[in-house]
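Heads up: the structure comes next, in structure tokens.
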Amino acid sequence: MTTAVPRLIEQFEHGLDAPICLTWELTYACNLACVHCLSSSGKRDPGELSTRQCQDIIDELERMQVFYVNIGGGEPTVRPDFWELVDYATAHHVGVKFSTNGVRINPEVAARLAASDCVDVQISLDGATAEVNDAVRGAGSFAMAVRALENLAAAGFADAKISVVVTRHNVGQLDDFAALADRYGATLRITRLRPSGRGADVWEELHPTAAQQVALYDWLVAKGERVLTGDSFFHLAPLGSSGALAGLNMCGAGRVVCLIDPVGDVYACPFAIHDRFLAGNVLTDGGFDQVWKNAPLFRQLREPQSAGACGSCGHYDSCRGGCMAAKFFTGLPLDGPDPECVQGYGAPALAQERHAPRPRVDHSRGSRE
């Protein structure tokens, strides 16, 4: 590791003038009801930001020189002004990456996307077969996602992403996912299952076993050179030598990443939609720039963090204690071990009596909110 890398990580830990990765959930409306949805999406929130309010945020992002925004939901393409907002963002030098289940990616839309140099598309797929995928994402969702990939490939869209949430039921399909990506000229992106949103209700039964975590690490080291992971799997880093696993080995919440939700609330992390991690609101707290730079929560997160119960572990520098959201939503202390700690410290903590907080909002169809 060069000396530049530790300096860069130190800079990340103290926060940047603008987020590297800004996730923006434009809507909670969704045509699917995935059992592990991190935002408990389904129904549109009546307080959803207007088109003009969204454009004001984009204007701020341009002034802050944010490179791109990662748009999700819900299913963002069902919002009536989605394409208007995409065009507005790219015209104002803010690139767009959006996540979709593929419902609106018909041949005409695929051709439109292929003609743009500023838009990246990520198709969600949680099984390399319909049987595995549809068990968590709903009947017909596999065929819908594959049809979107086919349309993008036929239109000449370069380098779509296939985004996979790794579960104990699909971790054995990693080679199949990679083959699927190759078939459509796409790049594979895999992410960690967090106990966030509806994921809190199914985490115990869906998260990979300890043996599968090791198998996942081995696969990433052996075959993951062209696989995107972001900061999803830094909790696996203690399984090998320093630098063996690509990606950022730290929690970027409030430092280099954050989330704007459909009503303008700003959270430290896309997987931590709870009052504990609410930094402010773009409408009532002076705009996004003001929240990002001055919110007390973000200032706190950018201070040196205590290693807590993990301080005596020789692997702390590798994983930094793991994922904040995973700990919080399983009822574990934030300065304790990750629930999936590969050194085995998470399992005893999970076995103790604990209170797991519930997500702040639930827009699932059938919920009362």
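Using the three backbone atoms N, Cα and C, a Cβ is placed for every residue, glycine included.
Listed in Swiss-Prot for this protein:
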- Cys30, Cys34, Cys37: [4Fe-4S] cluster 1 binding site (BINDING)
- Cys251, Cys258, Cys269, Cys323: [4Fe-4S] cluster 2 binding site (BINDING)
- Cys310, Cys313, Cys319, Cys341: [4Fe-4S] cluster 3 binding site (BINDING)
- 352-369: compositional bias 'Basic and acidic residues' (COMPBIAS)
- 16-232: domain 'Radical SAM core' (DOMAIN)
- 347-369: region 'Disordered' (REGION)
Residues sitting near the compositional bias 'Basic and acidic residues' (352-369): Cβ under 8 Å, six or more positions beyond its termini, same chain? 28, 33, 37, 39-45, 74, 195-198, 200, 261, 273-276, 278, 328-332
Going by Cα-Cα distance, pick out whichever of the binding-site residues Cys251, Cys258, Cys269, Cys319, Cys323 is nearest to Cys37 ([4Fe-4S] cluster 1 binding site). Cys269
For the binding-site residues Cys30, Cys269, Cys313, work out the Cβ neighbour count at 10 Å and name the residue with the minimum. Cys313
Taking the Cα atoms as reference points, how far is Cys251 ([4Fe-4S] cluster 2 binding site) from Cys319 ([4Fe-4S] cluster 3 binding site) in Å? 9
Please report the distance from the Cα of Cys269 ([4Fe-4S] cluster 2 binding site) to the Cα of Cys319 ([4Fe-4S] cluster 3 binding site), rounded to the nearest angstrom. 17
Setting Cys30, Cys34, Cys37 aside, what same-chain residues sit with their Cβ within 8 Å of the center of the Cβ atoms that define the [4Fe-4S] cluster 1 site, listed in sequence order? Leu32, Ala33, His36, Ser39, Ser40, Ser41, Gly42, Gly74, Glu75, Arg137, Arg198
DSSP tally for the compositional bias 'Basic and acidic residues' (352-369), helix/strand/coil in that order, comes to 0 helix, 0 strand, 18 coil
One should report the C-alpha separation between Cys310 ([4Fe-4S] cluster 3 binding site) and Cys30 ([4Fe-4S] cluster 1 binding site), rounded to whole angstrom, as 39
Express the distance between the Cα positions of Cys30 ([4Fe-4S] cluster 1 binding site) and Cys258 ([4Fe-4S] cluster 2 binding site) as a whole number of Å. 22
Mind giving me a neighbour count for Cys258 ([4Fe-4S] cluster 2 binding site)? Other Cβ atoms within 10 Å of its Cβ, every protein chain shown. 28
When the number of other CB atoms within 10 A of each residue's CB is tallied over all shown chains, which of the binding-site residues Cys34, Cys37, Cys251 has the maximum? Cys251
So around the [4Fe-4S] cluster 3 site, Cys310, Cys313, Cys319, Cys341 aside, which residues have their CB within 8 A of the centroid of those CB atoms? His235, Pro238, His315, Tyr316, Ser318, Gly321, Gly322, Pro337, Asp338, Gln343, Tyr345
